[in-house]
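Accompanying notes for the structure given below.
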Amino acid sequence: MVTESFPLKSGGSIPSVGLGTWQLDDEKGHDAIVYALQNGYKMIDAAYAYFNQENVAKALKDSGIPRKDIFLVDKLANTWHTAAEECLKITLRNLNVEYLDLWLMHWPSPLNHNGNDKKTPKLPDGSIDFEINWNYVDTWKSMINVQKKYPQKVKRIGVANFGIKELEKLISETGIVPEVNQVELHPALNQQKLYLYCKEKGIQLVAYSPLGSIGSPLLKNEELDSIAKSKGITLAQLILSWGVANGWPVIPRSQSPERILQNINLVDLTPDEVSLISNIGKKNSGRYVCSSWHVFSEDD
Ligand code: NDP
């Protein structure tokens, strides 16, 4: 039996498959979310910075699935680090929900809130306008305080795009360990060091871009494809099954009903199959998601 959920350290659990909602901002995106929820998805991964929270809200409502049956994740945007509480309030209003199951710091990168948070803020010389008197530990302290103030609105807090050094700093300076670290994770970026560190601390890794995102080279890999064919599943199903077999939830995104169904129908893999897929991934290793506001260190 494929694992349906993973336990979280503060209690409860996180579903092993969720639907990513980046770019699901039109009617087709809305329909994809409704379809996923009506066909067994129990987790939706949203974010303020996807600027589609109203579309997600409409889909949550139109699905007819009770709120309590959905594990809803949203993220504090880079431009709102100094105003976490306000960002949470706007998020809950946009999503038209009373609470989030998990609220993540989207990136360890506080940017200046210059009144237009839809664009990455820039200085006159074209460089990124970081909040120079603020860092992600300050943000984490704000998120901790917001959760203490509104435990009924924020069930759990966590981070995304954090490496080991950043997690160390966060934990040593606040004593509060994030529930989750959501990072890019797929066979070409298997994050073993980070996984082992997080496991020791009780932090659940969650795989974003688990298929390798748009135009993924993994989805064209012939070696992986032949393993998938031999098992009678698609390449995407193989890659996602590898993630869950390794011990982390996956949040693939698709607009296609057929693929949405594929992505939640995963299979068990043997330890030999898992390591074969990891070895193929290593030969093709790469990080596919880049940002101008964060540089990952070698160790990440
Ligand atoms: P994914 O790895 O989920 O890949 C999505 C791409 O794969 C789309 O082009 C999709 O196309 C295609 N696809 C999906 N299913 C299949 C399938 N079964 N067969 C073939 N192709 C398929 O990429 P994302 O970058 O969207 O990552 C997933 C989610 O992770 C995001 O939506 C977001 O919620 C989250 N995320 C979080 C980040 C963070 O900083 N915390 C950063 C990036 C992502 P199609 O729609 O045509 O099926």
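Note: Cβ is positioned from N, Cα and C throughout, glycine not excepted.
Because TrEMBL annotations are produced automatically, they should be read as predictions rather than curated entries.
Quick look at what TrEMBL lists:
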- 17-280: domain 'NADP-dependent oxidoreductase' (DOMAIN)
- Tyr50: active site, proton donor (ACT_SITE)
- Lys75: site 'Lowers pKa of active site Tyr' (SITE)
- His106: substrate binding site (BINDING)
Cβ-Cβ under 8 Å from Lys75 (site 'Lowers pKa of active site Tyr'), same chain, 6 or more residues apart: which ones?
-> Ala46, Ala47, Tyr48, Ala49, Trp103, Leu104, Met105, His106, Ala160
Which residues in the same chain, at least 6 apart in sequence, have a Cβ under 8 Å from the Cβ of Tyr50 (active site, proton donor)?
-> Thr21, Trp22, Gln23, Leu24, Asp25
Look up Lys75 (site 'Lowers pKa of active site Tyr') in the DSSP assignment and reduce it to helix, strand or coil.
-> strand
A correct count of other C-beta atoms within 10 Å of the C-beta of His106 (substrate binding site) gives 21
For the domain 'NADP-dependent oxidoreductase' (17-280), provide the mean pLDDT of the predicted model.
-> 97
